[in-house]
Amino acid sequence: MFVLGIESTAHTFGVGIVRDSPPYILANERDTFIPKEGGMKPGDLLKHHAEVSATILRRALEKAKISINDINYIAVALGPGIGPALRVGATLARAIALKYNKKLVPVNHGIGHIEIGYLTTEARDPLILYLSGGNTIITTFYKGRFRVFGETLDIALGNMMDVFVREVSLAPPYIINGIHVIDICAEKGNKLLKLPYVVKGQDMSFSGLLTAALRVVGKEKLEDICYSVREIAFDMLLEATERALALTSKKELMIVGGVAASVSLRKKLEELGKEWNVQIKIVPPEFAGDNGAMIAYAGMLAASKGVFIDVDKSYIRPRWRVDEVDIPWRN
């Protein structure tokens, strides 16, 4: 079985190709939109994805050394995400499905992150931290779905950091040589400022931290502000995670999503693992950010259980939560 996956939920347009035997991942091509200034504008994302989609598709097929006729199923991320960006991927997936008579597999973007985590870390029954620009979720699989134990009450951890570095003119670009610019800035700081720390049960709030940090710009060293924002945000996350570990008694902690690439977070999680006698499983950097391979792999799992969608019903779902998705392949 060969499955082609299309990812276009935010700033990255990606196409991945997988098969149902090792090595599972045959191709993982992508192109990421980097704004010259400001944040991501939906219209700019649409234009970028539309311009690069054909090239990325061709590169993926060439990398996998197969033709479109060899593909069994087309998997596509229908949400959550930014509407115009989602539509580019959905439109391409529908066109391929219709032209080549292929079945269409609907994939939740977050489930893609989680499933590629299972594959690459070999986790079996973990508590999961899903950390990205748009999501901050503590979850685990239970009775047919991924159940959310904790999440952000406002903006996501990754988004908070992106907005902060953009507002203080450190970005774009947000990532330099694989390192987020807040980490680069924070490594030069050492003073922990008094900024909001908000954890409610296993939920977190990052908006107050962002607002307060921006208010002290010009009054404190920027390096110390970066250091404080990073340390406080990560410590909030770790407190909520410890509570979830105590509740679930899990012996594995799997971290997926773009923020999983943070070296400083990795160090904190390794210490947490030692304290709680928990194995830390972190998705490799290649699969931490948005990518088509994770959509293809999750799509292959779904297709194996007959999860398909008619082309005329393949609507995008910008607010599609991971706990709304039935997971028959894990029952």
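Glycine residues also receive a Cβ, built from the backbone N, Cα and C atoms like all the rest.
Per Swiss-Prot, Fe cation is bound by His109, His113, Tyr130; the candidate from Asp224, Asp235, Asp290, Asp310 named for the same site is Asp290. Swiss-Prot names Tyr130, Leu131, Ser132, Gly133, Gly134, Asp162, Asp183 for binding substrate. Of Ser21, Ser262, Ser304, the residue it gives for the same site is Ser262. Of all the binding-site residues given, namely Gly133, Gly134, the one with the smallest number of surrounding CB atoms inside 10 A is Gly134. By the criterion of other Cβ atoms within 10 Å of the residue's own Cβ, the least surrounded of the binding-site residues Asp162, Asp183, Asp290 is Asp183. In this structure, the CA atom of Asp183 (substrate binding site) is 26 Å away from the CA atom of His109 (Fe cation binding site). Leu131 (substrate binding site) falls within a strand segment according to DSSP.
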